[in-house]
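Visitor: Sharing the feature lines straight out of Swiss-Prot:
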type: REPEAT; residues: 88-121; note: repeat 'TPR 1'
type: REPEAT; residues: 125-158; note: repeat 'TPR 2'
type: REPEAT; residues: 165-193; note: repeat 'TPR 3'
type: REPEAT; residues: 200-233; note: repeat 'TPR 4'
type: REPEAT; residues: 245-278; note: repeat 'TPR 5'
type: REPEAT; residues: 279-312; note: repeat 'TPR 6'
type: REPEAT; residues: 313-346; note: repeat 'TPR 7'
type: REPEAT; residues: 347-380; note: repeat 'TPR 8'
type: REGION; residues: 530-555; note: region 'Disordered'
type: COMPBIAS; residues: 530-539; note: compositional bias 'Basic and acidic residues'
type: MOD_RES; residues: Thr752; note: phosphothreonine
type: REGION; residues: 865-886; note: region 'Disordered'
type: DOMAIN; residues: 907-1070; note: domain 'JmjC'
type: BINDING; residues: His958, Glu960, His1038; note: Fe cation binding site
type: BINDING; residues: Cys1143, Cys1146, Cys1170, Cys1173; note: Zn(2+) binding site
Amino acid sequence: MKSYGLSLTTAALGNEEKKMAAEKARGEGEEGSFSLTVEEKKALCGLDSSFFGFLTRCKDGAKMKTLLNKAIHFYESLIVKAEGKVESDFFCQLGHFNLLLEDYSKALSSYQRYYSLQTDYWKNAAFLYGLGLVYFYYNAFQWAIRAFQEVLYVDPNFCRAKEIHLRLGFMFKMNTDYESSLKHFQLALIDCNVCTLSSVEIQFHIAHLYETQRKYHSAKAAYEQLLQIESLPSQVKATVLQQLGWMHHNMDLIGDNTTKERYAIQYLQKSLEEDPNSGQSWYFLGRCYSCIGKVQDAFVSYRQSIDKSEASADTWCSIGVLYQQQNQPMDALQAYICAVQLDHGHAAAWMDLGILYESCNQPQDAIKCYLNAARSKSCNNTSALTSRIKFLQAQLCNLPQSSLQNKTKLLPSIEEAWSLPIPAELTSRQGAMNTAQQSVSDTWNSVQTASHHSVQQKVYTQCFTAQKLQSFGKDQQPPFQTGSTRYLQAASTNDQNQNGNHTLPQNSKGDAQNHFLRIPTSEEQKIINFTKESKDSRSKSLTSKTSRKDRDTSNICVNAKKHSNHIYQISSVPISSLNNKESVSPDLIIVDNPQLSVLVGETIDNVDHDIGTCNKVNNVHLAIHKKPDNLSASSPSSAISTETLSLKLTEQTHIVTSFISPHSGLHTINGEGHENLESSASVNVGLRPRSQIIPSMSVSIYSSSTEVLKACRSLGKNGLSNGHILLDICPPPRPPTSPYPPLPKEKLNPPTPSIYLENKRDAFFPPLHQFCINPKNPVTVIRGLAGALKLDLGLFSTKTLVEANNEHIVEVRTQLLQPADENWDPSGTKKIWRYENKSSHTTIAKYAQYQACSFQESLREENERRTQVKDYSDNESTCSDNSGRRQKAPFKTIKCGINIDLSDNKKWKLQLHELTKLPAFVRVVSAGNLLSHVGYTILGMNSVQLCMKVPGSRIPGHQENNNFCSVNINIGPGDCEWFVVPEDYWGVLNDFCEKNNLNFLMSSWWPNLEDLYEANVPVYRFIQRPGDLVWINAGTVHWVQAIGWCNNITWNVGPLTAFQYKLAVERYEWNKLQSVKSVVPMVHLSWNMARNIKVSDPKLFEMIKYCLLKILKHCQTLREALVAAGKEVLWHGRINDEPAPYCSICEVEVFNLLFVTNESNSQKTYIVHCQNCARKTSGNLENFVVLEQYKMEDLIQVYDQFTLAPSLSSAS
């Protein structure tokens, strides 16, 4: 870190001597500048980003805002006087202050300066949280997600973890990553800490998430469960009833259409009883009345909708449809014009308007309307519109020009209609609404300078910044509506494309302003279109302001990139590369590829919980660091080498509050090591006097367990480490950037390493093993393996499988049959990365029947094609001409059978015995296979799985679980085509997934080879024939498709190498940061390896020993903290073949000390929680018992006995 003359300690919190000296040095220039009294400094010292959204809950919230403004001027004046040569804490604190005043551009600027000056910025959770809030405000969701995930990674007990989970839930929901969204909503729901949303509001969003996923019965059950809650807030109840009404109108939940509409109307009427001013409920009610033919009631409801809320393009479009049904074309025209003037991109209104003109025999105007509809990004039937436009144009060409000119028009042309006056009720209503909103908005945002933001975006921000009803005083009304109201109304604006009566309208911009967060369903592939205008302004503001303010002082700036889903991706780039467009990196903050940090705690007493504060002190120890010139992430190959393995352990001082403190998590203090205390200053910006800083603890992996535990005890009765198992000195995990220099284009299709076996001796030749596990070979194809070893592949044929176990379960993935290596959207209009496949289950017998029928059908189709050769050449030329632009849709549906478990030795004895003929390094079980030391079966990893395929069946892109190697043998009779990308390019594919709103780890995706070629990503491509074995090396990315009818068997292998262990642990930590379960329990496995294996490779030994050291310390400190808090630890030893325990809430591995609810313990179900989730559920752990699976003496013995074994060469 760069250290300068003026420190935050001197400016705000230093001792009197330092302050007097500083004041004397400043001399007369201090006069006339802003100054802070001692009391004001004390009031400010505890404020950081964790108060965002909670400041108004203080008794003196208004006075605090005034003080914040004063403090900002004070700090800025000091920075000016020091010519910018101040310590980094100034900028971090300025960022916090500006954030609390909602001046986001200034907050971002200050945070950027802090980042550029502070080398280990990632240790400061409050900084990361504030940065995430700013990115969230600017709708830079991918950046906000990264920042929030890093907060939870470095500090799982961060006091605003619940707020983070809420925001992550919303962002993943907007990105259509519903599984991740649900997980974070559930994590927020179990947290008992204070939050800006109540538990019932969180439950509502979980219910709506089910609805968005089209899990309507689950959504209905969740909504009805909410209605059973006594004293349910009126606004929540109204919105729940609204959603139930709309679902009954749209979905086949019960009975016939008449019954559906009756229930829908009843629910909506009840909703209006709770909230008669809900324009959305009135609109939905109008739709229901229109559906059953109650025209007058529908008109009345639509009128009420316009009166109760902002004018909506949806409403006016529906009114137009109603007029058109009543044969009132002029009134319908006027309503449609209102709709498209409110939202120029309202595809449904343009289509309905085109239908109206066409019905009035005005094809020219109809064509214009259809063209506007087709240009709209919300249009989902472009192909049908295009066909209709061509048909009408052909008709016009056949008509004489005179007939067109002399024809009487029933309606004004589109140009004339556009100029007609809008109904007075619309203009007056819209003008009054905008005026009122602007007035309230200006009052509330008086402290902001970003006045250019739209009303829509201000509402959006206020909701998500926790300025809901609870944030205001009893007599003070929030601007517009409360946060909960906005949250609920946002979710209630549902998909309206499911009623078949007419072409349905989409939400207009006006409607988006009223309901800031339009939640689309999976059918609508137009994610967050409602925020496009605000994103334009915010992204431009973000770029211009930061570049203008920080161009000379920061090494990063913000660059907005627009992507196809209309979300602006923000990229962080070095200032020096601004003029080089090719050097822009997609990373949020460019850092080295991470390992991990363990945080050790110390007790702090007298914790205050008055207003749900964050009881956390940010101790920034300002040691001198040299900022690396190149911040680009290194590849994983070098990320955890022996050079970076620190054998001398320097602990971060991650201090925690007392272990048992009610209504609070383990509120932490983020500290940093004191490399140079003489030239650095420890700054306390917390609410209370700074706690005693824990001295650095230095132990080596070669230290005995006695020395390790003694060093732990020397820290006193400390708190808890976070259980990470890599290094302390590196930031949170990050995907690697693309290797540099990039490969030339001619090397992007490299030849696949292949080995041809002629006999059994070749298969057992030792260099074959070394060739396969060499990190330079991402994949190896061993040709002719089955023949060389005389394997009976017929044991795995479909016929034999049916005879052996015909009722065995098969997981089926229903997919679309795509052309060649491409992946098109269902309409066949564009290539996409998202690969749709739905999961179900069947039996081997039924899938075998499907496989056989598919083959017979293919034979029939082939015969039919041969008989239709007369048009073959024409069809061929047409297809080749269009191959690059579109594909004929709809695509045929096929089914792929996967994850067929062959682990049961009793059922599959012959099959499993046959595989023992394989060489040891590819066997399912062997001493040199790490997965054989897990101690229990992990299906598909240390056991065999089988896939049954038909042509076109695909396994989407992925890396193996925890980056282990993979073995795949093609049984035949058909071939498979493989696509493989080396491990060090997985970061590039992760970026592509993010740009396409996909989760690299959890989503189904099929890469576009053209995108990879443009990004200079090499792709190995080869055919796997029957009897060939494909070895996928550690971390290799791959995707596969069948080009014939075939079966495959597969399992994972873990070579006993440092490279394999390193990648496995890196992925373990990346999974933890991404809130994804690691299938392989690396902590449990590491201890078993120490028990069972003699390791002679120094690199591998050091990594395993380091893991043992970290976990031994974690167990010791956690156990001592529990005992000191009076919490009894009960013995609960492990049994043979017992799976490693995982937290039932967050799915992280839990080692040794298990937190189990009292109820679960008494029922012997043992539902496990990790310490973090246990404390969030029950602040003082009163509802939990702690079970211990290993005696500390046993762990100590394993640790001491695990030593570096002599290598074979040295032994000889």
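Backbone N, Cα and C atoms are what each Cβ position is placed from, and that goes for glycine too.
Keep in mind it's a predicted model, so treat the numbers as computed, not measured.
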Visitor: Once the chains shown are all counted, how many other Cβ atoms turn up within 10 Å of the Cβ of Cys1143 (Zn(2+) binding site)?
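Guide: Excluding its own Cβ, the number within 10 Å is 20.
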Visitor: Output the single range from 165-193, 200-233, 245-278 maximising the number of Cβ pairs under 8 Å to the repeat 'TPR 2' (125-158).
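Guide: Stretch with maximum Cβ contacts: 165-193.
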Visitor: Could you check the binding-site residues His958, His1038 and say which one's CB has the most other CB atoms within 10 Å?
Guide: His1038
Visitor: Under 8 Å between C-beta atoms and at least six apart in sequence, can you list the same-chain neighbours of Cys1173 (Zn(2+) binding site), or say none if there are none?
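Guide: Correct list: Leu187, Ile190, Cys1143, Ile1145, Cys1146, Phe1155.
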Visitor: May I have the DSSP-based helix, strand and coil counts for the residues of the repeat 'TPR 3' (165-193)?
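Guide: Result for the repeat 'TPR 3' (165-193), in helix, strand, coil order: 23 helix, 0 strand, 6 coil.
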Visitor: Within the same chain, and leaving aside Cys1143, Cys1146, Cys1170, Cys1173, name every residue whose CB is within 8 angstroms of the centroid of the CB atoms belonging to the recorded Zn(2+) site, in sequence order.
Guide: Ser1144, Ile1145, Glu1147, Val1148, Val1150, His1169, Gln1171, Asn1172, Ala1174
Visitor: Is Cys1173 (Zn(2+) binding site) helix, strand or coil when read with DSSP?
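Guide: Assignment for Cys1173 (Zn(2+) binding site) reads helix.
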Visitor: What is the number of residues in the repeat 'TPR 2' (125-158) that are helix, strand and coil, as DSSP sees it?
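Guide: Taking the repeat 'TPR 2' (125-158) as a whole: 27 helix, 0 strand, 7 coil.
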Visitor: For the Fe cation site given as His958, Glu960, His1038, which other residues of the same chain have their Cβ within 8 Å of the site's Cβ centre?
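Guide: Apart from His958, Glu960, His1038, the close residues are Gly957, Gln959, Ser966, Ile1032, Thr1036, Val1037, Trp1039.
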Visitor: Do you know the mean pLDDT across the repeat 'TPR 7' (313-346)?
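Guide: For the repeat 'TPR 7' (313-346), the model's average pLDDT rounds to 93.
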Visitor: Counting every protein chain present, what is the number of Cβ atoms, excluding its own, within 10 Å of the Cβ of Cys1170 (Zn(2+) binding site)?
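Guide: Summing over all protein chains shown, Cys1170 (Zn(2+) binding site) has 24 other Cβ atoms within 10 Å.
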Visitor: Cα-Cα, whole number of Å: Thr752 (phosphothreonine) versus His1038 (Fe cation binding site)?
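Guide: Just about 13 Å between their Cα atoms.
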Visitor: As a quick check of your reading of DSSP, tell me how many residues in the repeat 'TPR 7' (313-346) are helical, how many are strand and how many are coil.
Guide: 27 helix, 0 strand, 7 coil
Visitor: If you count other C-beta atoms within 10 angstroms, which of the recorded positions Thr752, Cys1146 is the most crowded?
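Guide: That would be Cys1146, with the most Cβ atoms nearby.
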Visitor: Near Glu960 (Fe cation binding site), which residues of its own chain have a C-beta under 8 A away, given they sit six or more steps off in sequence?
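Guide: In sequence order, the residues whose Cβ lies under 8 Å from that of Glu960 (Fe cation binding site) (at least 6 apart) are Ser966, Ile1032, Thr1036, Asn1052.
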Visitor: For the repeat 'TPR 8' (347-380), what does DSSP give as the number of helix, strand and coil residues?
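Guide: Final tally across the stretch: 26 helix, 0 strand, 8 coil.
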